[in-house]
Each structure stands twice: as C-alpha cells, then as structure tokens.
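To keep things clear, I will list the structure first and then write my remarks on it.
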C-alpha cells in the first residue's frame, strides 16, 4: 500500500492541530515505509500484549491502565465485545455508508436466540449446548438483517436510520413485555462454551473472565482478517463506491441494492456472534442488557475511531468501552466520576467532531470525502 | 437504431417532467439534446440510464425494451453515462475511479488496453493518476467522468453536460475529444446547454422545452434555424 503525504495547504490553520496532524502523518509514513518484517513483528507483539493483558502478573506493572473500581479482566471482556461490535458496525456505516442507529438490536437477537434455545428457564426447554446454538444465532440475526434491509435499503436517505432505531426499540420492548422473552426475570443457567482443562475443570467457568476474553480476542482477529479480505475485493470496491456516490455507483454497473443488503447482513451477523458470546459468558440474559444507549455508544465509537478504517473501528470501540469503565471508582471533590461518564463522553464527541470529523485513525478515502463535502457546504472555499 | 425512445413520460412525484418524448440514436452518430435549464435534459438521461423509472412509453436498446431493466444491468448491455457535474468518486484516486468504470468487465487485457487509451485521450489524468478524485479541478473531474464511462467500453455513451462550468479553452478541448471518441466508433448521446458547440459537433439534434421535444434536425440545420438561434445561441 502506498500513501501520499499532502503538503500543507495555506487554508490549514497553523497551530497545535496542524502539528499533530503532521506528526501523525509522519508516523503513518514511517509505518508504511518500514520493512515488511518490522511491521509483522510489531503486529505480533501487539497481539501478544493483548493476550497477556488480563493476567494479573502482567497488568500489575502497567500503572494506571488497569481499572481501579472494577475487575479488570471483566472490563477487558466487555471492551472486547465492544470492539467486535465496532468492527461489525464499521462494515455497515464505514464501508457501505449506511446509518444504522439500532445496531445493538442485532446483538440482542443473537443473545436471545442463545438464551431461548439453551436456558432451562425458556419455554422451549430445548436445552441445546451453546456451541450448537451459536451458528443458529448468527444465521437468525443475518435473516433479521435481511428482513429489515429488504424494504428499507431500496430507499435513500434517512429512512434506514429511522427503521433501525425502531427495530432496536421493538426488540427491547418485546424483551421487556413478552412472556416468551421473560422480561426482567430473564433467562438463567445459559450454558458456557465447551472445553475442559486436563484436570477436568471447565475452561470457561463462572469466576474467571480471561478465557472468554481470549475467545473474543481470537474471534476478533478472525473477523478482522475476513473483513479485510472482503474490503480488498470487488465487494469492498462496490461498498466504497456506494458510500461515495450511490448514483454514480449504479451508473458504473454496481448492483447497489444487493451490495447494501450484503453489508447490512454481514454487519448484523457479527453483532449476532457478539450477542451469542455475551450470553455464553454472562450465563444470564434479561431485558436490561439492551438499552438504546448501547447502539449510540457503538456508533459513536466507530465514528470516533475513524469510520471506514478497520483499525480505527477497533481503536474507537476499545477506547470508548474502556474509558467508560475507567471512570468507575475515581472520586474527585467528593463526587464519583462514573456518574458523569456520559457527560465526558459527550464533550469528547463534540470536540472530536469539530476538530477531527474523520476520526482518530481515518480512512484515507474517507478524509478526502470529508474535504469534498466541506467544499459543498462552506461557501467560498 | 441503437436507441429508440418512444413516447416516454416521467413523473417526479406529481410533477410531470417529461411529456411523451420520442427520439432515436443511430449507430455511430453523435446526437445532441439541447434546451434551457429545467427543460428535462438531465431527466431524459436519467430515464435512459435507469436511475429514474419512467411512467409510460418504452426505451429500446438494440431493439430490446429495457425500460424495466435495473440501471446496473443496462450498463452491462453497453449503455454508460458520465453523470453531470461531480459524479466522480471523490475519495478514490484517478486510477481507482477509472477502474470503477470497468466494474462490469472481467477481461483484464481489454481493461488495460482501454486504460491506456483513456490516459492517451486525457493526458492530464495520466499526470494525476494517484491523486484523489475530489482534489481535481472542475475540468479534470469532467474529463475523469468521461474517461470512467469509456472504461466500460459502452456501445452508447451518455454525456450529461460535459462542458458545464469549464473555461472556453477547455470546452473546445473536451468537444474535440468527444468527436475523437465518436470517430473511434462509440455512439454518443449528448446533453448540452452550450448549444453552439453541441450543434456544431452533432450529426443530429433535438430541442427540448418544458419536457417536450419541439424541434429536431441535423446539427447544421438547427444551427441556422432562426428560432433556435434566438433562443439558444444568443443571436437574433
């Protein structure tokens, strides 16, 4: 991959922002100029770091990084689930440019599918093992994505955002009020993933969150590899062309509806997987797990990280989920900061959208699109 | 006839934009469609390329009715439009934009050959091949849009206002290239506000007024028609 560093133009105001930008460009340039083996070694080291992270023997030396007010390995699991969700939503929002405001709804479909088919409190009493239900959960979320997308993706504009918003609320309200989905009481004794140590103790237990984190981490790596391949193929080119100019894409012979649906369904499937993992870890699923706020957080994470860039989505999802937990247990002037976590979150979002609308690690193309659109709204530029 | 439009009407909601338009484009021709703002020129193009569904009438391409066909399938049949104005992909480089033009094709050798041809036609694009489309000047974007449409190797090339917003020098240049493309064997349907240039280059032309075709003839005939002169060429 080659990148071109644009020389600074006069319109860019000088200052900290500009210097930061140049600094980042220099780093990205060095990264791309580095020999292949250096990049691989750095990547392997980074992945090894994240596998080692939940071990107390390791993270106790990391200073302020481990959270103080909550179990750090537990937090890492939550963070990893958010990262997986951000990677999935990035396909929909970042690549195909479709605004999905109810992405967490698909997560709920995945989690409830597992709950209904495995838990003894379910009316169905099927009691299937977790591993068997995971593919069913993924397939069902994909189907729900297709069902939702088929009528709405034919339309342009904001319809999709509204419909997805409604969908997530429908799922939540159904979970709260339907007898079949058990409302607040929820489903308990959802089985864990299979696997035993040599001494017969289960690998995936109740107390230790590490195995679940490792499982999600591994799945993130696999999903990222798959998504990367997809985006470098004809499918990816079609998505990007739709995002940049849907009419033009169609005029070039891209079956736009088909590819939008495909993006929507793949994103949904990843959320379904995340939901199934969550249910398998948590052991318990009830209607309180699926607030609308979660959809907004993930969307914000993708945009914050750099929509259209897989690394950006990972960083965004990780950072947002981690920061929210990091506030827990910190007191300042007698107030618990955790209470104000969404205030900080909001401020960060506003500041980011003013100074860096393309996100922390933007997509090269996406940045150019933003510039292009600025020209349309700012008169005289 | 390569393209036959037969009594086509088109609605935007309750507003009727086209009132029973009929026109034909023969193989090897340059046909121009001229008219004022809001006459329905771009709408006609949208109907032909399939971005907008038509209400009544028929569009036939190589004798087959394509009026119900999806836009992307029309491209596969050899009908490609260079959209008006900024229809390029702003975040993709010049080469990636051209590559998107060949989206429906799989013959690598042919694509490479056509890429060379386009870069020869538009040397400016060759200079800027790595640059993002959105950073090109208006004229360069227009050239990119025409070049990208050529990459699909169309039988019929639809050009929507190729001279829009260009300096007089560039207008001259782009019309020279259009003639050249036509001489290399591509049929062209051209929508233009710049009636002078369009009529001078076209074999035949139609004049569109408020969604109706009011006049047709050879380019030379219309160029000397008194009412056309008055209305579109700015000479009484």
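Backbone N, Cα and C define each Cβ position, glycine as well.
Whatever TrEMBL says is automated annotation, not expert-curated.
Taken from TrEMBL, the feature transmembrane segment covers A:37-54, A:74-96, A:103-121, A:127-147, A:159-177, A:212-231, A:261-280, A:292-325, A:337-355.
For the transmembrane segment (A:212-231), the list of distant contacts is 47, 50-51, 54, 73, 76-77, 80-81, 83-84, 87-88, 90-91, 95, 193, 204, 239-240, 266, 270, 273-274, 277, 280-281, 310, 314: same-chain residues at least six beyond its ends, Cβ to Cβ under 8 Å. Against the transmembrane segment (A:103-121), the recorded stretches A:159-177, A:261-280, A:292-325 differ in Cβ pairs under 8 Å, and the greatest number is found for A:261-280. As a quick check, the transmembrane segment (A:127-147) and the transmembrane segment (A:261-280) clear the bar of 3 or more Cβ pairs under 8 A, pairs 6 or more apart, so the two touch. Across the candidate stretches A:159-177, A:261-280, A:292-325, the maximum count of CB pairs under 8 A to the transmembrane segment (A:74-96) is reached by A:292-325. Note on the transmembrane segment (A:159-177): residues 98-105, 108-109, 112, 148-149, 152-153, 183-184, 286-287, 290-292, 295 of its chain, located 6 or more positions outside it, place their CB under 8 angstroms from a CB of the stretch.
Here the transmembrane segment (A:292-325) has long-range neighbours at 67, 70, 75, 78-79, 81-87, 89-90, 93-95, 100-105, 107, 165, 168-169, 172, 220, 224, 227-228, 231, 240, 243, 341-342, 344-345, 348-349, 352, 358-363, 365-366, meaning same-chain residues at least 6 beyond its ends whose C-beta is under 8 angstroms from one of its own.
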